[in-house]
Every structure is written in C-alpha cells, then in structure tokens.
Amino acid sequence: MAQFYTPGRRTATRKILIVTATDLDAFGQGVAREQGKTLFISGLLPGEQAEVILSEEKRHFARGRVTRLISHSPQRVAPRCPHAGVCGGCQQQHAAIALQQQSKSQALQRLMARETGVDIAPQVIAGEPYGYRRRARFGLQFNVKTQRVVLGFRQAASNDLVALKACPVLAPALEALLLPLGECLSALRARRRLGHLELVLADNGPLMVLRHLDPLSLSDREALSAFARQRGLTLYLSDGGAPQRLLGEAPYYQIDGSRLDFNPQDFIQVNAAVNAQMVGQALAWLDVRADERVLDLFCGMGNFTLPLARLALRVVGVEGVPGLVATAQNNARNNGLSNVEFFHQNLEEDVTRQAWASQGFDKILLDPARAGAPGVMQHIVRLAPRRVVYVSCNPTTLARDSQTLLQGGYRLTRLCMLDMFPHTGHLESMALFESAAQ
C-alpha cells in the first residue's frame, strides 16, 4: 500500500537584531546597517538603539519594526494624537518637527545631486506642524456590534478604520466636527449604506460632502440639513455623481489678492499656509515684469495663474481637466482679470500642435501631478523662456524632468522643500531654472 508523506508547514523565524539608527529617511524610517545591509526601521530615530524584528528581508535591504527601545533620542517627542502608531495618516509624530524637515530636505538634496549633478541645499518652506490640514477624506463603516458608524482613516497596513476621537493635524474647525458627525451619521436610517465623507475648510466656512450608496430618505436629508445649519456647514450630497449642494454657500479661498471659487471635487492644496508661501516664492523667483508673457502649465483652477496675471502683460494657463478649466475661467472673470487665457489640453500628448504651443513666453511655471511632465519638457526648452519654475509633488520625476532642462541650456539655481504635510513621508518641492544664455 502506498503511503503519502505530507511535510509539516515550515515556520519562518523572523530575525531579531539590536541595531543603532544613523539616519532618518524622508519617510520617517530610521536607517541602520547590519553586515553591509541597509535596514529601514519604522519608529526608530537617529542615535537610538533598539531591539528590532525584521518584517521583510531582501538581498540589499530589510525592513523592520521596534520591539524594544534601548536608548532614546533627544529629538523624540510625545505624539499629540491619541491614535499615533495605529492610524495610517501620520507616520512621524514621534520625531521633532525640525528633524522631520531636515530629513526631507536632505533627501531632496541627495536625490537632485545624484540625478542632476547639481548640489544645492534647499530652503525650507513650512507652516504650523498641527492644525494645518484644511481638507480630509474619511472612510465610513457600520459596526454591527455597536450599531454605530465608524468615521476615520485607515489603520497602518490595514483596510480597517481607526474610529477617530481627535485628529490634531486637521484645522481646528474640522477636528471639532468629528465626534458630533459620528453621532449624526449613526442616527441616520441609511447608516449601513454610507460611502465616505469629505470635510473642507474654505475661507467662508467648512463644508461637508457625504457620499451615500442609496437615495436618502426625507428624514435623513432633514437630519443632515439640521446638523449643517447648527454647525454652520455647507452641505453637499452625492450618490455617485457630482456632489449636489443642499445647504449653504459655494466655497472659495483667497490667494495673493485673488478670490478662487471652487467645487468640492476640485483639487486645492491641503495646507493653506504653505500654499500661500509657495505661491509667493514662485512669483519672487520668476520675477515677472509688466511687459512679460507667462505660461502656466497644469494650471488647475488658477492657484498660480491669477496671481501671475496681476503682474504680467499676459498669462496663458493650460490644464487637462475640463471642469478645472471652466472654474479657472470663471475665477479670472470674477476677479476682473482680462489678460489671462485658459486652454483645455492633454499635456501628456504631443503638445507641439496645441493652440497655445506656438506663442512666445518669457517665463514658464509648471505644477504637474506625480507622473511629472515628460511630454512638455522638450517643448519648454524650444520655447526658450528666461526662467522656469517647476513645482513638484514627486521629487523623483522632478529630478528626471530637470535633466531635460539642464541638457537644454538651463541652470538649476534654487531649490525648495515644501513641508506641505508635516508628520508624513510626503515631500513636495520647487525648483528654479535660469537660461544660461542670459
């Protein structure tokens, strides 16, 4: 009789090491080295020694987490958030803000030096480390056991939600809504069929967008309207389409003397204070004169375009999202700016035949998405502006696109790290390029 042998399941033994961190990467992970291998340890600061367990091991690097902290860095601080370490929203509240900014700035400098050969120490633009976030999107889950709606962010490395009691990175006016909103949503008849919730703090007050999976009953709409009136909220509802305003005023914010109206689904910078500084620094770097023509690529709804139009002879804005182009046109008209023109064009395609592409420009600003702007960089060189300001939410694509400008006769003269998202690993940046022919 044949006998079959089934081997027992192998149990992988995770390595436990004692290491000392020497650095902090841009994502807030401690960097240590063990037998020639680089270790990235979440929760460990430079100078700290800890017992760590490896969660992932590759040939040249490994990742791990702290199981026991042996020594403490003077730059370790107590997180202000009661959910720190569990919530996936912030990763660096245990690190002093100066250390966070230093690590991000150094990471940007190293990357740009390695990829472009230009070594420039970035200036840092930052605001308050807490209370800065004027926009947030929250998941909603119905808890059968408690019969309540859980409102929160995802847990780190999980799809489960953290039931938020507080969120100190939110603007205080938004943070104050968290607990009352949980009560309101838990009392709705549709509480089992809610999608997600967005909160935005406009200059004229907070707004809420509730996305629901089924049509709301009249009683639920009345309950939400009563809550919005009591809290001074503009209320939008969405069943999958564009949000519909049920109550309150359309939102806007002001930037450099211009009022920008926006729709809830429009992109706006999360950090109002850093956005204002960023726009001001970009204008200073471009040094726009009254007789100059300026091009704003990936212009959105006019965050840079309208301030530029107050300085220049003429400004052209190009954007790929039609709704943002319409909003930008309305904003220019409402601000009495007749020297600005907007084009709806796909900047990821060949731009040479697009309507704006044959015009001449003295200065150019671009603010692309994470993928960067490979489709327009060669054309920017052909347009031969005297200065180019590149605003980036991804330093890797900034470094890549910079090479086209450097090879085309431009010099990288200024670099800036924008701490748009304190306590997270997100790094935003801005660079100034000047024509070597000047």
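Cβ coordinates come from backbone N, Cα and C, glycine included.
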Swiss-Prot S-adenosyl-L-methionine site partner of GLN269, PHE298, ASN303, GLU319, ASN346, selected from ASP220, ASP239, ASP367: ASP367
Other CB atoms, at most 10 A from the CB of CYS90 ([4Fe-4S] cluster binding site): 24
Greatest C-beta neighbour count within 10 angstroms, which of the binding-site residues GLU319, ASP367: GLU319
Cβ neighbour count (within 10 Å, all chains shown) around GLN269 (S-adenosyl-L-methionine binding site): 22
Residues of the domain 'TRAM' (4-68) by DSSP state, where helix covers H, G and I: 0 helix, 36 strand, 29 coil
Max pairwise CA distance, angstrom, over record-listed S-adenosyl-L-methionine binders GLN269, PHE298, ASN303, GLU319, ASN346, ASP367: 22
